[in-house]
Amino acid sequence: MFCWGKSSEGQLGLGATDDEPVLSPRNVEDTFGNVAEIKDIVCGWDHTAVLKEDGVVYTCGSNEHGQLGHHKEAKILARVDALETRTIKQVACGQMHTLAVTDNGLVLAWGDNTKGQLGLGNTENNVQSHPRMVKNLQSAGLMVTQVACGARHSLALTTGGFLFSWGDNKNGQLGIGNSSPVHYLPEHVSSLLGVPFALLCAGGYHSFALSLSGALFSWGRNNFGQLGVIDNKDRFMPELLKSLRSQRVRHVTAGEYHTAILTEDGGVFTFGCGSYGQLGHDSNNHECNPRKVVELMGKIVTQVACGRLHTLAYVASSEKLYSFGSGDNGQLGNNQVITVNSPVAVANSWVANDAMRTNSVGHCVVHRIATGGDHCYVLASKNDDWVPCDLRMQDSSKHLWTLSESSVKELVQQLSLPNPALTEIVHKLETVLSSTASLNGSFLDRQNHEKTSSRIHGVHLASARRAFGLLTCIKHQAIVNKIFAAIKQGVIHSLLQPPPDIEALRVYLLIPECSVYQRAEEHFDTIVIPFSEAILRLTADAGKMFQDCVKYIIHFPAPKVADEEARRRHTALRTCLDVLEQLNVVNTESGDIVPFNQFYIPEIQATFDIRADYYNWIQNEQNLSFCRYPFVYDAEAKTRLLQADAVMQMQSAVEEVSRRNVQSMMSPLPINQVNPVLLLVVKRESIVDNTLTQIMRCGPYDLKKPLKVVFMGEEGVDAGGVKKEFFLLLLTEILDPKYGMFTYIEESQTIWFNNQTFEESPMFLLIGVICGLAIYNSMIIDLRFPPVLYKKLLGRKPILEDFRGFKPVVTRNLEYLLEYSDEEDITETFGLNFQIVREKYGALEYIDLIPDGGNTAVTRENREQYVDVYIDYYLNKSVEKQFEAFATGFHRVCGGKVLDFFHPEELMQMVVGCQDYDFRELEKAAEYKGEYYKHHPVIRNFWEVFFEFTMVMKKNSLIIIQPVVGGKRGDHLPVAHTCF
């Protein structure tokens, strides 16, 4: 063990010496013993503490305020006997005080207490020369896993992730506001609730907390910019260092007025006071923004430590230790008493571990560096097997407690043993599951959690799901009850306040993975509903358990309940539905990452009269109604609502006709009676002209009447079959590309609007009306449009995926353009510009997708824009007039509130029918009347022939089946297209 720097108080442990200061590293092994047993070295401003592997603490240096914890010789390392009954796992030193953490999470403090930095309360004696327990934390049942000391303030992190601070708060270094300049007892830093911290750090009068995923918060004195938050104003509340979020910070250390950061790649950033060169930027300027130490670039730094006015950085690959800053007390270890503002090697640095190494007795492998006020230590060994400490690899023993899939497996396995340690297991589960911070630090995705952002949550949800699944297998009911109690009393309660960082949102993803959602009926009052309310306050993310809660609420037994209970259930139902609504919005905006049908709640249709619910809703939209949350309805329910709306409009139209007819009968003037139905009389040979002529004469009100079709010269009653044949013949004819209104897309076998047609907009409007009439009158029709048509009809913007159903080959080429990652220039490889060429009346026409598109090449930077405008042209701009007219006609008939309920795929399914057929299920579901039965020879022959059909023939045979939602009633048996 080597030391150097200021030694006037005996802080180097060298005993009585005339050397003051010590200008280069000196071995103190002779005065201490076997350094291989040392776990850590910690330096205060004028005292030092050494922690051995067996948990024993030694101290030396200034003892003016009792900071050594003993009254032995101060100039050599002496054991703190008052700790002999304790096993210490961590020690921290402040300016004149010391803290220690025991293996069972207790905090012991001794030394100066003038500013309450010991956390013992406002004691009469401001000097505590023997370790005393911080009872305030112990009495709260909290186990501490890590402490840090500033000049006159202290920080502590519990196993449950709660951050506490106490002591001097003049500059806001406690992070709890400015209500008082001194706090004698530990105070919870509540503004950071939920963030899973890995490391605490305290400088002279400022503080830091580093999360497991690299988010760094700072607060306290900032007169030199030592907080790294752009300006030099003090912060009384923690603030996130956004500039370092992407740097993957692994360690932070602080001096009296400056700070140093170590990143995953071995880079060092410094900021704050530079008066003595302690920032290493080859100047004495102050820095408010974190700035990389250029002289250390190209070197992989593995340890960094700040003294009061200087900094050390160790490079393991070369075994070189660098120092910079104030050297007034020889703390730079370069045999001089000078100030250096850029990194210099410490004298007698250690040679690289390679073939050039000499086997001299003096050579040692560096394990750990430490520095405090104006003195430094290096823990080294001649043992080549001693692995150097790498501060980029965080010490998990100091972290808050978390869960992983492997740790849960281990706990469950322990429970299966004959005599499991129930108390210890239950305590671990209770601690983690009652803490948002612990949950937010659990089940992290090793590959992505340090990239946490609004798009990357950093949680391995599959692992969490499996782990929570294991917890549901626990047979100890008492433990299961404690799990739910922990979530209810700890996590749910803590969700009342806004999360301080994106990492604190992970709990909203993990709670739905817990077994709570599988037992929503047991916990909806205490967990599910409060959790839902918390999500609503966030306007953010979560999962499926809200559906289960809605299912439970709507299945409440029918008997009358008290008004108060009814209101409670009503509020709970609305809360769950509001949460689902926000989830659905996020999902829709993200391109249906979760299939839209996962939001269906079939129990609603089975439990409620959805038509009555709809009628009530249209009369007063402020009432609670499932129609406010249409995404919970499946396609069948929405179709029934659309039919109910159509029936209501038809009834209204018929009633209006009856009223007018009665008035006309009473009028002295001859007035023609109004037909209560929309009657279309057509000839087969001129069905298109006949239909268009009659529809052109219809007003919007006429289109709302029930439709009746008559084929001239054919006697028959329209029981549905006549209308079906009418639409079949009409649409087959009118949509035929030979008329030039639509063009056939070979690769998708669909039709699209022809942007070179001679027909005007009114013709497309009439076709839209005809399609709307079919839906309005519950007819399935054969529209060969691509799926994107239905998305446009619902007012949604098409994206690249929608283009696949239109032009699949082109879509694959566009995807290849977006995914192209070769280093070659895209412009040379693809040769594209923002211009397309099409043939128009035998000549080539060049169309710019953007202004001056012919002279704008497609590059790596603008290729996404190219894809967007390409799609926009073909699906929108090129057919804008034709589509707008078609959509106007369509919505004129069946547009309205109910149509907006549909998802594009649901609307397509309602219009053209389901495209996924299971004909064996059709055979099983078939019912037979009269003399026929399943095994009748005629029936058996029918199915044998049917299953020999091609798929197209099988689909065509379904044309006789109606209505849209299936033939469930006996009065909807197949009928002939036309009855003679």
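Note that Cβ sites are derived from N, Cα and C of the backbone, with glycine treated the same way.
All TrEMBL annotations are machine predictions without curation.
The repeat 'RCC1' annotation in TrEMBL covers 1-54, 55-104, 105-160, 161-213, 214-265, 266-317, 319-382. Summarising the annotation, TrEMBL assigns domain 'HECT' to 699-980. For CYS979, the entry in TrEMBL reads active site, glycyl thioester intermediate.
On the 0 to 100 pLDDT scale, the model's mean across the repeat 'RCC1' (161-213) is 95. Note: the repeat 'RCC1' (161-213) comprises 3 helix, 25 strand, 25 coil (DSSP; helix = H, G, I, strand = E, B).
Shown for the repeat 'RCC1' (1-54): DSSP residue counts in helix, strand and coil, namely 7 helix, 22 strand, 25 coil. For the repeat 'RCC1' (266-317), the number of residues in each DSSP class (helix H, G, I; strand E, B; coil) is 3 helix, 23 strand, 26 coil.
The residues of the repeat 'RCC1' (105-160), classed with DSSP into helix (H, G, I), strand (E, B) and coil, number 5 helix, 25 strand, 26 coil. Here the repeat 'RCC1' (214-265) has, by DSSP, the following mix of helix, strand and coil residues: 3 helix, 23 strand, 26 coil.
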